[in-house]
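As written in Swiss-Prot, here are the features:
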type     : residues                                          : note
BINDING  : G11, M12, S13, G14, G15, V16, D17, S18, M37, G121 : ATP binding site
ACT_SITE : C97                                               : active site, nucleophile
DISULFID : C97-C197                                          : disulfide bond
SITE     : H122                                              : site 'Interaction with tRNA'
ACT_SITE : C197                                              : active site, cysteine persulfide intermediate
SITE     : Q363                                              : site 'Interaction with tRNA'
Amino acid sequence: MNVKRKRVIVGMSGGVDSSVAALLLKKQGYDVIGIFMKYYNFECPWREDSIDAMLVSQSLKIPFYIIDITKNYKNLIIDYLYKEYKKGYTPNPDIICNSKIKFKFFLEKSIFLKSDFIATGHYVRKKEINENGKISYKIISGIDSNKDQSYFLCKLNKVQIKKSIFPLGWLNKKEVREIANKYNLINANKKDSQGICFIGKIKFLNFLKKKLAEKKGIIIEINKNSHIFKYKQKKLFSKKIEYKKEYGKIIGHHIGAHYFTKGQRKGLKIGGYKYPLFVIEKDITKNILYVGMGKNHPGLYTKVICIKKYNIHWINKKKIKTKIEVECRIRYRQNFKKATLYKKNNDLYVEFEIPQLAVNGGQFIVWYINNEVIGSGLIS
């Protein structure tokens, strides 16, 4: 492959994926530069990871830099998390981090280092389309369905996609580790990172308690046969169910509704029931948790999602006269779910073929056609 020594910045996390991405690009003839981003000091093993990234860069004989973006990360991600949880939402920091932190700062650094491209170890594919001389780019799911990370890149803009290279999109995890072992990379067998790095070994509840104070409130059980479920989302554009105190019975107390998410069962600390209790809704203003018994409780499931026009992001915008058939994900590693997109007053409504479990406001829904990321939206 003749790439005429194009220069590429590779985001090095210290893990095996980004290390193999750098290795493959060097093998292809690119002028590779390794960059490690220090996000936060919150008991996160960033120092060990940075050393691994540095040692891999040394073994590949490529330049290596560490960028300290802790201030930006705090402002854009940490503060965002606290703010959203306080409002009762369940945010996804990884998606925001990719579009507003990682790819943004990689691009800025690429200008400074006169780099042609940026690259990461994400398991996604990028496809260039030439339509009558007009070039555009698509984000396609990685071939390893268990590792596909296209969900996390749903908020990238056109420039970020154009400038990006994803060397691992055509590989599965086993192949990546085999390559790492073949070339004796020190992190060939390093475990994948789990969860959000910045909270380190601290439990997420304790992380939230650092800024969000405990606030005692009541827990109300809603019976699965309650009248409020009889007409649940019968019409596509009908309003969301409004839970009220008088629709159920008080069965306990909690330490703060903002600590819980829909579908959660841990932390309720209420026994004596035949089946587990799950959070089906929360009223942040009144600090009330509504719960239901059993994983088949109708309050846990959602048939229709509304995406407000200001929360819609298109990668490959489709014209929607009335509706369009798509496949969706509302969380990472979820199998594709068949759905229909409807447009009304510039808002989008997503109607699932089968009701979905534990859909939370603040999360992202991503829609696909033939494995291509078409767009995404913040769930209202």
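Just so it is clear, glycine is given a Cβ too, placed from its N, Cα and C backbone atoms.
Swiss-Prot feature annotations superimposed on the structure.
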residue : record                       : DSSP class
G11     : ATP binding site             : strand
D17     : ATP binding site             : helix
M37     : ATP binding site             : strand
C97     : active site, nucleophile     : helix
H122    : site 'Interaction with tRNA' : coil
Q363    : site 'Interaction with tRNA' : coil
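Taking Cα separation as the measure, D17 (ATP binding site) is nearest to H122 of the recorded positions C97, H122, Q363. For H122 (site 'Interaction with tRNA') paired with M37 (ATP binding site), the C-alpha to C-alpha distance reads 16 Å.
S13 (ATP binding site) and the residue listed as 'active site, nucleophile' are 14 Å apart (CA-CA, integer value). With respect to their backbone Cα atoms, S13 (ATP binding site) and Q363 (site 'Interaction with tRNA') stand 25 Å from each other. Within the same chain, the residues at least 6 positions away from M37 (ATP binding site) whose Cβ sits under 8 Å from its Cβ are G11, I66, I67, I69, I101, K102, F105, listed in sequence order.
By the criterion of other Cβ atoms within 10 Å of the residue's own Cβ, the least surrounded of the recorded positions S13, G15, C97, H122 is G15.
Remark: of the recorded positions G11, D17, Q363, the most isolated position is Q363 (fewest other Cβ atoms within 10 Å of its Cβ).
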